[in-house]
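Here is what Swiss-Prot says about this protein:
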type: DOMAIN; residues: 20-194; note: domain 'Exonuclease'
type: BINDING; residues: Asp23; note: Mg(2+) 1 binding site
type: BINDING; residues: Asp23, Glu25, His181, Asp186; note: Mg(2+) 2 binding site
type: SITE; residues: Phe29; note: site 'Important for substrate binding and specificity'
type: SITE; residues: Phe77; note: site 'Important for substrate binding and specificity'
type: SITE; residues: Phe124; note: site 'Important for substrate binding and specificity'
type: SITE; residues: Phe146; note: site 'Important for substrate binding and specificity'
type: ACT_SITE; residues: His181; note: active site, proton donor/acceptor
Amino acid sequence: MSDKKAPNVLSGRFRGYYPVVIDVETGGFNAKTDALLEIAAVTLEMDGEGWLTPGESLHFHIEPFEGANLEPAALEFTGIDPLNPLRGAVSEYEALHAIFKMVRKGIKNNHCNRAIIVAHNANFDHSFVMAATERTGLKRNPFHPFATFDTAALGGLVLGQTILAKACITAGIPFDNNQAHSALYDTDRTAELFCEMVNRWKQLGGWPLTTTAEKTG
């Protein structure tokens, strides 16, 4: 078995955290009152040389919880019709239960301690996941209660861009604005972007960390 703290294994790269890319589409900005309408999750994998790539994915359309607020402006922005039967929507419980199961399996297989949400403007997605978890009464939430990796902040640092589409294009990742604001597409692009930035930092010599003795020779 490889050393769990080795720099080129997933558990050693992010201090025991298992990064999972999440995107949500919603009926507004308030995680407590507004509907969670769509969610996608992509796990990440690391090869033997320490390069990060997207892994497994799950995607669900979600039924608004009872009494959920649906802001017309938010629905116009996402293009989601919550009442369309062709959405094949499931309950918040069903969607999160499946995602949590996938994530817990990844944590175990990669010898990590806990999952951490990777998202673009991550506080938004994190707040909706946490609120839905509380509403459904789901136990054993695998995600850290407040820590996240925000690709908007990382994109500003690495690429000089904070908008997802512009950050992707700057990084050489194709981005189709016609598919944007679909949770599945945005999660896929965010996963590619996060992997590109992590791998670029490694390529530039920023990882593995150099010890003081190695620096001074």
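Every residue gets a Cβ built from N, Cα and C, even glycine.
Of all the recorded positions in the list Phe77, Phe146, Asp186, the shortest Cα-Cα distance to Asp23 (Mg(2+) 1 binding site) is found for Asp186.
With a cut-off of 8 Å between CB atoms and residues at least 6 apart in sequence, the same chain places Glu71, Ala74, Phe124 near Phe29 (site 'Important for substrate binding and specificity'), listed in sequence order. Long-range neighbours of Asp186 (Mg(2+) 2 binding site) (same chain, six or more residues apart, CB within less than 8 Å of its CB): Asp23, Ala40, His120, Leu164, Ala180. Asp186 (Mg(2+) 2 binding site) falls within a helical segment according to DSSP. DSSP classifies Phe77 (site 'Important for substrate binding and specificity') as helix under the three-state reduction. Closest in space to Phe146 (site 'Important for substrate binding and specificity'), of the recorded positions given as Glu25, Phe77, His181, is Glu25, taking the CA atom of each residue. Under 8 Å, Cβ to Cβ, and six or more positions away along its own chain, His181 (Mg(2+) 2 binding site) finds Glu25, Phe77, Thr78, Gly79. The number of other Cβ atoms within 10 Å of the Cβ belonging to Phe77 (site 'Important for substrate binding and specificity'), over all protein chains shown, comes to 12. Neighbour density at the Cβ, taken as the number of other Cβ atoms within 10 Å, is lowest among the recorded sites Phe124, Phe146 for Phe146.
All protein chains included, Glu25 (Mg(2+) 2 binding site) registers 25 other Cβ atoms within 10 Å of its own Cβ. Its Cβ taken as reference, the residue listed as 'Mg(2+) 1 binding site' is surrounded by 27 other Cβ atoms within 10 Å in the chains shown.
On the 0 to 100 pLDDT scale, the model's mean across the domain 'Exonuclease' (20-194) is 98. Those residues of the chain, other than Asp23, Glu25, His181, Asp186, with a C-beta within 8 angstroms of the mean position of the Mg(2+) 2 site C-beta atoms are Val24, Glu38, Ala40, Thr78, Ala180, Ser182, Ala183, Leu184, Tyr185, Thr187.
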